[in-house]
Amino acid sequence: MAAEIVNPRSDNGPDEGSREELFDPAFALHRGGKMAVQATVPVRDRDDLSLAYTPGVAKVCSAIAEQPELVHDYTWKSQVVAVVTDGSAVLGLGDIGPEASLPVMEGKAILFKQFGGVDAVPIALDCREVDEIVDTVARLAPSFGGINLEDISAPRCFEVERRLQERVDIPVFHDDQHGTAVVTLAALRNAAQLTGRTLGELRAVISGAGAAGVAIARILVEAGIGDVAVCDRKGIVSGDREDLTDVKRELAGFTNKAGLTGPLETALDGADVFIGVSGGTVPESAVAKMAKNALIFAMANPTPEIHPDVAHKYAAVVATGRSDYPNQINNVLAFPGIFAGALQVRASRITEGMKLAAAEALAAVVADELSADCVIPSPFDERVAPAVTAAVAAAARADGVARR
């Protein structure tokens, strides 16, 4: 499903490039932007022009006005996703604003195309209020088949996604939450199988109660994890704490069956699984107290919460967010196929069932190849996107959100 990507502006003029380009290939690659619009039909003569634009286009416009669902057949709507950010929580860079976030959104857009065959348009918003973001994106929604929210800071991201999905009848998906959660669950399924356990036998600890941590907790509970405790900077998220946000109070209601309180170290004592999405450092003494054959997913970038060399002393399987170690938890394994499947059936939303199906399909790609260094496919495994796409489309039909 890979699509060729051409940058016609990579040579942007007669000058020899900026000083940065002389030393850093990243600047050279980004010069002029990483993407462009490419026509799918030729405009070679007057006949072509009269069909592609006026007067021929009027017939199509009139037909869509009479039967709005025809927009999916005669425009790119059902094949294109908006990649929307406010630049408030960009990768490991933090709040860098809309302009500085644009290279990341362009990158996301080309990954949609390269790995899922989905066209995507980067949109960087110069607004921060939830009402403004929701209203702006809702007004843009008629042009798109789906909305991918990206790098919007917590806790605003939860409300933006919820309220936007209530406003529009196309899928809204915050990838920092759900893409991470889907790939994490897929890897954990395979790691559990490799070590002779089921998800129901595992007690997990998540370090980080932001966008990714909350979504991972939710999907693990949906998938039947034995128990999961989530920790923030102040320790275990438990119902007795009086400093919890609304999101964390909800989290406390469906996690931590054991009723643990105290610091992260307390939660890790005897735990089977560590999932790090916080960026903080976990002392080796705490890791040493985990259960035998522990599963450690230290996913902070560029510095994992637990260095892989330390993790391997105590863990049967180690995963990170980095490409230079085995078992990289990379969202690109999920979002292209999830949106491709949703667009294929014109889904009105992305359900929990669709996310679970994506995780199961992703895990199954390497189910017959499992080893300590292979519990998740490579992003370049060409089996991934078709498997996830098919599973998501089928789940959308089963959940009653497919419209074709």
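Glycine residues also receive a Cβ, built from the backbone N, Cα and C atoms like all the rest.
Listed by TrEMBL as binding divalent metal cation are Glu150, Asp151; the candidate from Asp126, Asp131, Asp176 that the record includes in that site is Asp176.
The binding-site residues examined here are Asn301, Asn330; by Cβ neighbour count within 10 Å, the least packed of them is Asn301. Across the structure, Glu150 (divalent metal cation binding site) and Lys108 (active site, proton acceptor) place their CA atoms 9 angstrom apart.
Confidence across the domain 'Malic enzyme N-terminal' (32-165), taken as the mean pLDDT and rounded to a whole number, stands at 97. The DSSP breakdown of the domain 'Malic enzyme N-terminal' (32-165), given as helix, strand and coil counts, is 72 helix, 18 strand, 44 coil. For Asn330 ((S)-malate binding site), the nearest of the recorded positions Tyr53, Lys108, Asp151 in terms of C-alpha separation is Lys108. Same-chain residues that are not part of Glu150, Asp151, Asp176 yet have a Cβ within 8 Å of the Cβ center of the divalent metal cation site turn out to be Thr85, Ala89, Val90, Val104, Leu149, Ile152, Cys157, His174, Asp175, Ala211.
Of all Cβ atoms in the protein chains displayed, 29 besides its own lie within 10 Å of the Cβ of Glu150 (divalent metal cation binding site).
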